[in-house]
């Protein structure tokens, strides 16, 4: 199992395979195309027969680069439409099943003739927020996803704290990580595992998130991206595909080899970068670093910044530096580069993060750039 990063997106094949899929005739639509394989086991889109039309999945994500990306789903019978946050940092599929001040609607289990409660309760805690609910089973379809309806495990959220946020436009979460993270235990089959089994698509998905340096508060258009289930869509990237091994199948745990600020290597021990784990998590827009690494990054940025008269409070996140509307401070700050090990262990590849990705906009007239423990 491997991970790769290209341009503004990363793709995470759960299991690489030869792309040979047994698909029932009911799933083969004339307007859909089947995957082909690129010689490395990665499913690509080509002809017009098969269960997945990757082009139909392009731009199926919406969201805010400061709050996450969500996909539209239909749950139950008759179908109830909800938006679901895409999260590679968890493994439960959960949806609001009761009203909450920060969401516009929820999945009403009583109105679905196909919803079945398992009688089990479940609680999931995240870095920010938590929820509690009951486990159930129901039908789900994805309008801009693989063709077909699947029967999946659903956690019906009945109460939560710090999970739903003001201004969000999603009502649930799609955990895309491995079964080991599923709650209350790994017997709860994750959503994508069910999709692979029931629809016969390759056990590969790729995720593109295109909202670099922007916020929905400062743009008239909703930001978007693509969740391609069953492989990758070649039109969404350029150049070669690079992979990094998954160290352990729970989170998408990877190995960070080094960090650079501008052209300056932080030159820390590799163990420092990976303490206690380094994971790829689409459910957050924060870059979290161990304390020692964070301190080294801030020191390096301080030294290489083209502006030397910032107060100490700016660098520890307690004060902001402001520019008037229309001005951008990005040229004053260095890039941050993360190096990951390639599948050929003697090689590595670099993901470069621009200064504007480490920023956020708080008002339409004043931009601020600040550092915090989470970057």
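Using the three backbone atoms N, Cα and C, a Cβ is placed for every residue, glycine included.
A TrEMBL annotation is a machine prediction, not a hand-curated record.
Record features, source TrEMBL:
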- 87: active site (ACT_SITE)
- 281: active site (ACT_SITE)
- 69-375: domain 'Peptidase A1' (DOMAIN)
- 147: N-linked glycosylation site (CARBOHYD)
- 344: N-linked glycosylation site (CARBOHYD)
Arithmetic mean of per-residue pLDDT over the domain 'Peptidase A1' (69-375):
87
Other CB atoms within 10 A, centred on residue 281 (active site):
18
